[in-house]
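Before we start, here is the structure in question, set down as structure tokens.
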Amino acid sequence: MSLNSSLGHRKELSNLTEGASDQGGSGVTEFVAIVIITVFVCLGNLVIVITLYRKSYLLTLSNKFVFSLTLSNFLLSVLVLPFVVTSSIRREWIFGVVWCNFSALLYLLISSASMLTLGIIAVDRYYAVLYPMAYPMKITGNRAVMVLAYIWLHSLIGCLPPLFGWSSVEFDEFKWMCVAAWHREPGYTAFWQIWCALLPFLVMLVCYGFIFRVARVKARKVHCGAVVTVEVGVQRTGRKNSSTSTSSSGSRKSAFQGVVYSANQCKALVTILVVIGAFMVTWGPYMVVITSEALWGKNCVSPTLETWATWLSFTSAICHPLIYGLWNKTVRKELLGMCFGDRYYREPFVQRQRTSRLFSISNRITDLGLSPHLTALMAGEQPLGNSSSTGDTGFSCSQDSGTDVMLLEDYTSDDNPLHGTCPPKRRSSVTFEDEVEQIKEAAKNPILHVKADVHKSLDSYATSLAKAIEAEAKINLFGEEALPGVLLTARTVPGIGFGSRRGSRTLAGQRLQLQSIEEGDVLATEQR
């Protein structure tokens, strides 16, 4: 009996030793993981906040939502995660009951505000793409501020009930932080999930679904050969002649546009999948865990799964600055410029100021619906004519964060016709990465810009005006015989002589015609 008992004690001691070693190994792994998460959340969101704060021309209406998102994530890394790191070391909460309640409130408040902000960003992209003409009236500065205030108020309403008796706050030994006791009040668990998580997720699905539908519609139009090109030419008389032609699917231009639209469709799909996929991967496991706790009790989920699901929700704060900030080439270039100086500042300051209002951090989605003239009018600036690369369908490729820009005039005219609109004309879309690359691309692929048309029209007008002045001076000084025969024939109207009143009216009419060319046609050419 003594031998058997000693062997049993040895087995128990060995099991306890193995359990302690396993617990110590898992504790070190958890500590390293939460430290890495905290550092990445803090640094990633901090660089975006600093970039937007110091480069205020990037802080457009759309980017105000992104600024609020990254700022809230940074507050999470400063006010919540350090205490989680400490609790993972001590395996207990040592900061008192008051701070336990406050940290739980902060975690729920910041997490709820982040998810709701993602939904608002999706709504902003929806209006920018599907209703570009109404976008400046729908999304204004005052409304953006009101929406941000509502987001935080909405989140606060969803987070306060545990402090007033509906559920409670407790320290979870497997999450290593103070959270709401999801297993005590299933009703509050369902309320918080619907109020703060499910609602923005459904909004994202609907808005990005419509956006991708628009991309598919535009791609189908190109592949089916329904691309209409409007070419405008100037005749010798100064009048414009418009001819409309439909490009065939077998032509090089249509084939190229089909490839570009197909690439745009793929990139739009990738962007949407990344945004929605990041939300589902980071928050999905946590929602499953708290739902299981509310339905089947606290011990229905393994401690390891509970810990990693909670900490996986923290990684959503890492994904946000990557998706909405560092993924964009312009933001990366601004960040590198601040870190390493002018080596990465290839754009002059004036040019950055011109293009700043046309830029959005999340423009992989936004720029799908904004034409250059509309965006420039929103910014209160002139459209950029020398930095556009347009196709005959109004489509252009943006170098900003790999965005492909698609105008939606065709989609609007098909599904949502606007009353009193003008006939469709050739539209252009302004894109930019930096002026150096645009100039190089323009040198490789010559494009007939608006300025070239203006200069050509001005030269033609100046030549015609000089000839008319010379001819009229010769008539006044030397008479009609001084004019060449060809010019005399051109000036003579059948049945009307130069000496009659009708002939003088003809000269006056030509002067008015020249004045009309100067004041009307040139202005129209500049506007075109």
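Positions of Cβ are set from backbone N, Cα and C atoms, glycine also.
Pulled these features from Swiss-Prot for this protein:
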DISULFID  C100-C178  disulfide bond
CARBOHYD  N4  N-linked glycosylation site
CARBOHYD  N15  N-linked glycosylation site
CARBOHYD  N101  N-linked glycosylation site
TOPO_DOM  1-30  topological domain 'Extracellular'
TOPO_DOM  52-64  topological domain 'Cytoplasmic'
TOPO_DOM  86-101  topological domain 'Extracellular'
TOPO_DOM  123-143  topological domain 'Cytoplasmic'
TOPO_DOM  165-190  topological domain 'Extracellular'
TOPO_DOM  212-269  topological domain 'Cytoplasmic'
TOPO_DOM  291-306  topological domain 'Extracellular'
TOPO_DOM  328-528  topological domain 'Cytoplasmic'
TRANSMEM  31-51  transmembrane segment
TRANSMEM  65-85  transmembrane segment
TRANSMEM  102-122  transmembrane segment
TRANSMEM  144-164  transmembrane segment
TRANSMEM  191-211  transmembrane segment
TRANSMEM  270-290  transmembrane segment
TRANSMEM  307-327  transmembrane segment
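Situate these features within the shown structure.
Counting every protein chain shown, the Cβ of C100 (disulfide bond) has 18 other Cβ atoms within 10 Å.
In the three-state DSSP reading, N101 (N-linked glycosylation site) counts as helix.
Non-local neighbours of the topological domain 'Extracellular' (86-101) in the same chain are 27, 30-31, 34, 163, 169, 171, 173, 176-178; each lies 6+ residues outside the stretch with a CB under 8 Å from one of its CB atoms.
Panel annotation: around the topological domain 'Extracellular' (165-190), residues 30, 34, 80, 83-84, 87-88, 91-93, 100-101, 103-105, 107-108, 290-291, 293-295, 297-298, 303, 306-307, 310 of the same chain, lying at least six beyond its termini, place a Cβ under 8 Å from a Cβ of the stretch.
When Cβ-Cβ distances below 8 Å are used as the criterion, the topological domain 'Extracellular' (291-306) is approached by residues 26, 172, 174-175, 182-183, 185-186, 189-190, 193, 285 of the same chain, each at least six residues removed from its ends.
Counting residues 6+ beyond its ends, the transmembrane segment (31-51) has Cβ neighbours under 8 Å at 58, 66-67, 70-71, 73-74, 76-78, 81-82, 84-85, 88-89, 176, 311, 314-315, 317-318, 320-322, 324-326, 331, 334-335, 338 in the same chain.
Outside the transmembrane segment (102-122) by six or more residues, the chain places 62, 65-66, 68-69, 72-73, 75-76, 79-80, 83, 95, 147, 151-152, 154-156, 158-160, 162-163, 169, 177-180, 192, 195-197, 199-201, 203-204, 207-208, 275, 279, 283, 313, 316-317, 320, 324, 362 with a CB less than 8 A from a CB of the stretch.
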Are the transmembrane segment (191-211) and the transmembrane segment (307-327) near each other by the rule of at least 3 C-beta pairs under 8 angstroms (pairs 6 or more apart)?
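Between the transmembrane segment (191-211) and the transmembrane segment (307-327), which are separate recorded stretches, there is no contact, as judged by 3 or more close Cβ pairs.
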Based on DSSP, name the secondary structure state of C178 (disulfide bond): helix, strand or coil.
strand
Compute the C-alpha separation of C178 (disulfide bond) from N101 (N-linked glycosylation site), stating it in Å without decimals.
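The Cα atom of C178 (disulfide bond) is 7 Å away from the Cα atom of N101 (N-linked glycosylation site).
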Pop the mean pLDDT for the topological domain 'Extracellular' (291-306) in here, whole number is fine.
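The average pLDDT of the model in the topological domain 'Extracellular' (291-306) works out to 90.
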For the topological domain 'Extracellular' (291-306), give the DSSP counts of helix residues, strand residues and coil residues.
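Summed over the topological domain 'Extracellular' (291-306), the classes give 13 helix, 0 strand, 3 coil.
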